[in-house]
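Written out below as structure tokens is the structure these notes cover.
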Amino acid sequence: MGNCVKKQSRRDISPSDDALTSTPASVSLHGSDACPVAASLRLALLFKSVAVRFVPSDPSSPILLQCGPDAVSGDLDSLLRYIDRRFAGPPVVVPGPFSSGSPPLAAAVAIQHRSLERLVDRAVEMAGDLTVGKGTRVGSPRGLGKLYSMLLEVLLEHAQMEERIVFPALERADRGLSRIATEEHARDLPMMNGIKEDIKAVGVMDSWTPAYQEALVDLVGRLRTLQENTREHFMEEERDLLSLLEDEEGVIDKCIEVMESTHSHLFPFFISSLLPHEAIHYLSLLLRFCSNQARLVSTFRSLTAHMDALPPPTPS
């Protein structure tokens with residue numbers, strides 16, 4: 001993107017594998033605070049539980065990753081692979097079913113599916129904990145309501161994106177392909193909105209009364225139905241529909257435009273349920289295929305602000 005990452009420079013270093021075995025005394029990342037690539041690298045290091053000192057630098061300067069005596073610069077892919085070699089922890093670069101060679105929209109939709117599945121799982125687990133008295137300040141009806149409100153917003157934006165972008169593209173390939181998927185969206189919408197109202201109702205009831213317990217059990221049941229429907233719907237889409245998508249210019253821009261909240265204030269929430277390699281792959285898709293630089297910078301700034309507010313990671 002722009003000048004925030006340049007081609008190989010005289011400062012590039014390719015340490016031998018023998019040098020990639022011990023954790024350095026200090027890690028610093030030099031780059032522009034408006035550079036999405038720098039934000040991607042910060043997230044990758046966070047996944048590795050590496051405490052990194054971010055050093056803001058001129059946007060025209062190449063990104064520099066200082067790991068002990070090593071000073072490494074290069075493009076995003078080479079720096080991510082260096083991080084995987086250099087640090088223990090979950091890999092941040094792993095090929096997936098919709099990786100190399102797949103249309104970017106198919107890969108983005110599949111990763112969104114993984115995030116939404118796990119966020120629904122989180123809501124089911126939180127509601128289940130409430131029924132057996134494991135609730136905390138976070139895992140309370142109010143906490144569940146906050147989680148579900150954000151989840152519902154991402155779910156609705158994802159459905160709108162598919163209906164406006166994915167399904168029309170499929171219709172051009174084979175008329176009738178998207179009809180069932182559209183009907184499933186319409187089927188689940190009343191239940192999704194009803195769950196939100198159920199959570200509100202539980203939140204104003206007296207705790208541990210029979211009516212409260214009964215309402216919680218009903219709520220868990222509806223959330224589990226949503227969980228099952230969501231997994232089945234996503235599985236069918238990935239099996240039958242996404243593989244039929246063709247590469248089309250500008251679709252990632254359109255995706256971000258439709259899913260505006262998901263790619264702004266809800267972006268850290270959306271990213272939080274992804275595995276490290278899924279999150280980094282999604283960021284890479286945005287970097288490669290989003291042409292609206294102002295929107296891209298705004299999306300990554302929300303992620304950077306979230307990381308700035310986190311406590312330093314504890315080495316694993």
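Glycine residues also receive a Cβ, built from the backbone N, Cα and C atoms like all the rest.
Taken from TrEMBL, the feature region 'Disordered' applies to 1-30.
What TrEMBL lists as domain 'Hemerythrin-like' is 111-244. Here the domain 'Hemerythrin-like' (111-244) is broken down by DSSP into helix, strand and coil counts: 113 helix, 0 strand, 21 coil.
Within the model, the domain 'Hemerythrin-like' (111-244) carries an average pLDDT of 90.
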